[in-house]
Amino acid sequence: MSALRRARQLQPGSVVRWDRLERDAFSAHPEVLAGPKAGSSGPPKPREWLLLAPLGLLAAVVAGAPIWGYVAIAADGSRFATAAPDSDPSVTIAVAGSFYACALVVVLSHIVIWLRNGRPKARMDLGYVGITAVLGAMTTLSVWRRGTAGGVETWDRWIIPVVLATVVSGVHACVLLVIKLRHEASSALSLEGSDALDARTARAAELDDAEQATIRADLDAAIADLERRGIITTAVAARARSLDLGALALTMMSRNRGTGSARLP
C-alpha cells in the first residue's frame with residue numbers, strides 16, 4: 001500500500017497516523033524505519049567466551065571505577081563503610097586514586113565522543129558522570145581524612161585524580177542536565193528519540209536519488225490529499241512537507257503529543 005492510498009482512506013476528523021503513512025511510503029525499504037540492528041544470532045561459541053569473559057571483566061572494572069574507588073577507601077566506622085577498619089590507608093588510598101584515574105579517562109572519553117558526534121547519550125552519560133561526581137566528592141573527603149589521620153605521605157598526590165574526576169564529572173553533569181532541560185522545553189522528542197530520528201534520516205539519505213524521489217512524491221501526494229480534504233491544516237501540511245525523508249513520523253507524532261492531541265481539524 002502506498003502513502004497516498006492510505007491517506008485516501010481517512011475521513012475528516014480522523015486521527016492522522018503519520019507512522020503508518022511513512023511506513024507505507026517506505027514499504028520497499030523497511031530497513032530505513034527499523035530500529036538498531038540486532039547483534040549476531042545465537043549464544044557465543046566456547047572460543048568466543050574465552051575472549052568475551054576477560055573483556056567483560058575489564059569493562060566492568062573500568063565502568064564501575066567510581067564505585068570501586070569509593071568501596072576501597074570508605075571505612076573507619078563511617079556510615080557507608082565498606083573497607084576493613086584496620087586496612088592500611090596507604091594501600092586503600094592508592095587503590096582509590098587508581099580507580100578514579102580510570103574514571104577520569106572514561107569521563108574524558110565520553111566528552112570526546114560527545115564533541116565528535118554532536119549529541120550525548122543522555123541517560124548513560126548523565127547517570128555515569130552524576131555517580132562519579134557524587135561518589136568522587138565522598139571519596140575525596142575519605143582520602144583526605146584517612147591520609148592525614150594515618151600520616152600517609154603520598155595522599156596529596158593520590159587525591160589529585162579523585163578531585164579531577166569529581167570536578168570534570170560535576171561540570172559535565174551540569175552541562176548535560178542543561179542540554180536535557182533545554183531540549184525537553186523546545187521539543188517533545190527526547191534525546192534518545194532525536195538519535196533515532198537522526199539514524200532514520202541517515203538511512204533514508206543512503207537510498208539512491210530515484211528511490212528518494214519516488215518516496216518523496218508519494219508522501220507529498222498523500223499530504224496534499226489530506227490538506228485538500230481538510231483533514232490537516234495548511235500549516236501542518238507545510239510542516240510535514242518540509243521534513244527530511246525518514247523524519248515524518250517521529251517529528252509529527254511528537255509534535256502532536258506536545259500539543260496534547262493527535263486529532264487535527
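Heads up, the Cβ atoms here are built off N, Cα and C, so glycines get one too.
Source: prediction; values computed, not measured.
Going by TrEMBL, these are the annotated features:
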{"type": "TRANSMEM", "residues": "49-71", "note": "transmembrane segment"}
{"type": "TRANSMEM", "residues": "91-114", "note": "transmembrane segment"}
{"type": "TRANSMEM", "residues": "126-146", "note": "transmembrane segment"}
{"type": "TRANSMEM", "residues": "158-179", "note": "transmembrane segment"}
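Taking every recorded stretch in 49-71, 91-114, 158-179 and counting its Cβ pairs under 8 Å to the transmembrane segment (126-146), the highest total belongs to 158-179. Sequence-distant contacts of the transmembrane segment (49-71), counting only residues of its own chain at least 6 positions beyond either end whose CB sits under 8 Å from a CB of the stretch, comprise 80, 82-83, 95-100, 102-103, 106, 128, 131-132, 135-136, 138-139, 142, 162, 165. Sequence-distant neighbours of the transmembrane segment (91-114) (same chain, 6+ residues past either end, Cβ-Cβ under 8 Å): 61-63, 65-66, 68-70, 72-73, 75, 83, 120, 125, 128-129, 132, 136, 139, 142-143, 146-147, 152, 154-155, 157-162, 164-166, 168-169, 172.
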